[in-house]
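To start, the structure itself, in structure tokens.
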Amino acid sequence: MEALGNFDYESYTNFTKLPSSQWGDQFLKFSIADSDFDVLEREIEVLKPKVRENIFVSSSTDKDAMKKTILSIHFLDSLGLSYHFEKEIEESLKHAFEKIEDLIADENKLHTISTIFRVFRTYGYYMSSDVFKIFKGDDGKFKESLIEDVKGMLSFYEAVHFGTTTDHILDEALSFTLNHLESLATGRRASPPHISKLIQNALHIPQHRNIQALVAREYISFYEHEEDHDETLLKLAKLNFKFLQLHYFQELKTITMWWTKLDHTSNLPPNFRERTVETWFAALMMYFEPQFSLGRIMSAKLYLVITFLDDACDTYGSISEVESLADCLERWDPDYMENLQGHMKTAFKFVMYLFKEYEEILRSQGRSFVLEKMIEEFKIIARKNLELVKWARGGHVPSFDEYIESGGAEIGTYATIACSIMGLGEIGKKEAFEWLISRPKLVRILGAKTRLMDDIADFEEDMEKGYTANALNYYMNEHGVTKEEASRELEKMNGDMNKIVNEECLKITTMPRRILMQSVNYARSLDVLYTADDVYNHREGKLKEYMRLLLVDPILL
């Protein structure tokens, strides 16, 4: 693709200059040889059979052995190792769940029950939350004696976040655990440092809402300070994460080289967002495993294009210009590009360039059918971009529900999930894309959740720009409430949506677990992006911390 042409700065109004990328080209400096991967991979393969034998080779009729296996599966998940043992985990949990009543009949430890609950719900088994009733006293409240069990309280708090719309006991548990965990983390009753840190991490973002790469890195630091940790398991976790880091550095180098070759930065006007590292981080949220390295690269490139398109339409395009771009994308024909001018023409060329890359990759995989699905999802983004631009500038005021429905598509929710399924390789079959395009409840909820969280985070900035297409703004106008009242209501909606996501993942039986996990991982990405601040757009703070944790802080063997 040729270098981008200069944009018309005269049309630049109401927008302030954004800072240039803090990362620059530093990832171009890394040089990783194939032998670096080979050395770590050999060490990993030596340890895997030992871990497998320690965890999964036990008596299938021994209740205590089954409990121990389930608790060990929790360690595998938390340490980022479960993808090495998927078959063993599946078989063990299937067998254990068939005997679930007998398994927990005499169990009265909060930590054990909470962890078993978490593991089964993680893997799609509906274990009833009634199991927690045994921890209530005669007054119907949770027993105060539970507070002394720090790890039990933490695991109970983590279990709460697997709740559905009917798990009312977990709503009670949330208040109970929150009230006490904060003092266990930092107050006068503070736990040992490594446990306090784990509690603080959970209070910021619980494991079920956090992305797997961050959970693994944080949990490795916790686990090695546990007196009863398994040395073999810990070593495997450390080697595995170092192996992941090599892939991550290689991917960042590839994406940075691709972006540099296109020469975007030298010609971009001041409000176009340069987000090479941020888009890679967003892709990492969808899958962290090494076998999906190409998928992360493909996803990061799509996010760069979506960001570029969003800036072109929201910031620089007049309604007529955005209409012309949407029309060209609808036709998907390069011959119509001559009808476009300046930045709209460049945006169209950028889209065509990326999808040509996709076409070549998918053809080599024998999966050309995916391209048609991806093109359709991208056309939807273009249509919804136009719709929101018209609402923001044309005077039409949509209802809150109408805006949320369109806004979820415009922000790229469906295209993001589709791209992540594309990156799964052979796992991403035609049926998965047809399921996504049918817009099941799970997917629609994720679109709405994205729109809500993004608009809550960016409300002040949107209003400063004069950009009125914002969920808070529409809710305030429709219901005649203050910003604070609207914020509380939207936060409540977001909490309810989390429960629906959990509920739908337990209900859906027609899709492979890995496909559903892409939806779960997408939901997790929203919490990571927006819990502290808008990580994608505000690069200081949490993003810097996350990148340091994932790529800079050493893991000592």
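Using N, Cα and C of the backbone, Cβ positions are placed for all residues, glycine too.
Taking Swiss-Prot as the reference, the stretch among 310-314, 340-344, 500-504 described by the feature motif 'DDXXD motif' is residues 310-314.
Around the Cβ of D462 (Mg(2+) 3 binding site), 20 further Cβ atoms fall within 10 Å across all displayed protein chains. Counting residue by residue with DSSP, the motif 'DDXXD motif' (310-314) contains 5 helix, 0 strand, 0 coil.
Counting only same-chain residues six or more apart in sequence, the Cβ atoms lying under 8 angstroms from the Cβ of D310 ((2E,6E)-farnesyl diphosphate binding site) belong to N385, G412.
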